[in-house]
2 protein chains.
Amino acid sequence: MRVLGMDPGLTRCGLGVVDGRAGRATMVAVGVVRTPSDAEASQRLMFLERELDGWLDRFEPDVVAVERVFADTNVTQVMNTAHATAIALLTAGKRDIPVVFHTPTEVKASVTGSGRADKAQVTMMVTRILKLASPPKPADAADALALAICHLWRGAATARLEALAKAGAR
Amino acid sequence: MRVLGMDPGLTRCGLGVVDGRAGRATMVAVGVVRTPSDAEASQRLMFLERELDGWLDRFEPDVVAVERVFADTNVTQVMNTAHATAIALLTAGKRDIPVVFHTPTEVKASVTGSGRADKAQVTMMVTRILKLASPPKPADAADALALAICHLWRGAATARLEALAKAGAR
C-alpha cells in the first residue's frame, strides 16, 4: 500500500510518500510545497492545487493521510490549514483516492510510542523507521512522512483486530 | 457592479447575485446549494465546486463577497465552512475574480444599521432594499444577498472617502 502523507498548510505544506508492506515502510518521496504569504489566497490555493495534482499523478497513492487540525489560538493559521486540506480533499476526490485524517497525538503515538513526543523525537523515529541516511528537513517534511507511517501502521493494527474478531465469530 | 454573495457552508451554501448602481441594488439571482451530510467530504467539495463553477460562468460577477468566519464552539462546522470558502477562492481565482471577506457584524451593520441585528431583521431589510415581493428563504439565501449588498455599500463608502482624501490632498 502506498500512502501520501500531508501536513497541510499554505506557507509550508509537507508531503511524503511511503510504501508499506508487512512490517516494512520505505520512503518513496518527500518534499515541501511553499506558497508566498504575500500572495492572494486564491493564488496560493491554485498553486497548491497544481502541486498536489502533480504529486497524485506522479506517485498514484492508494490513500492520502492528512493531519486533522483542531482549533488554535491563531485563527488565520487554522483557516489556511483548513483551506489547504480542502484542496487535498478536492484533488484526491477527483481521482477516487480516499482521504483519511489522523490527529497529531495519533501520529506521535504511532511513530514514537508516546502521544506527547516532541518534534525532534518524531523526526528521529521517522529517520530510523525509513532507514534514511539523514533526517528529513524541514519539520513539515518529517511530519508528512510520520503521517504516512501512522496510517500504514494503524491500518495494519485495524486489519489484525478485524481478523481476530472474524476468527472469534467463527 | 455585480456581486456574488456567498454564505459558505457544505450542508447549505447560500448564494445571491446583486447588481448595484448609485443608490440602487437589484437582485439577479438567489439560491442555496445543499450537499448531503452523509456524503464523503471530497464528494461534497466536488459538488460545491461544480455548482460554483456554474454560478460564476452564468452570472459573471465582478467580485465574490464571502462571510468571514471566526472560531466557533462547533469545530466540524467551522472546518466545513472553511472548506467551502477554499472552493470559492479556487473557482473565483481561476476566473481572476477577486474574493473579499466581510464579517457578520459588518454585514448586519450595512444592511440594518446595527451590528447586532437578528436574522429576522436582516431578512426584512434585504427584502425591502431589493424590493422583493416576499422574503428570500431559507435564511442562508437572505444572508448571501445581505453579503452582496454589504459589499456594494461598503465599496461605495470607501470610494467616497478615497475621493474626499484625494480632494483634501490637492
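Glycine is treated like the rest: Cβ placed from N, Cα and C.
Unlike curated entries, TrEMBL annotations are predicted automatically.
Following the DSSP three-state reduction, the secondary structure of B:Asp7 (active site) is strand. Annotated active site per TrEMBL: B:Asp7 (among others), in sequence order.
DSSP assigns B:Glu67 (active site) to a strand segment in the three-state reduction. For B:Glu67 (active site), the same-chain residues 6+ apart in sequence whose C-beta sits under 8 angstroms from its C-beta are B:Met6, B:Asp7, B:Pro8, B:Phe101, B:His102, B:Thr103, B:Pro104, B:Val107, B:Asp143, B:Leu147. Per TrEMBL, active site is recorded for B:Glu67 (among others).
Summarising the annotation, TrEMBL assigns active site to B:Asp140 (among others). For B:Asp140 (active site), the number of other Cβ atoms no farther than 10 Å from its own Cβ, over all displayed protein chains, is 23.
DSSP assigns B:Asp140 (active site) to a helix in the three-state reduction. The annotation Mg(2+) 1 binding site is assigned in TrEMBL to B:Asp7, B:Asp140.
According to TrEMBL, the feature Mg(2+) 2 binding site maps to B:Glu67.
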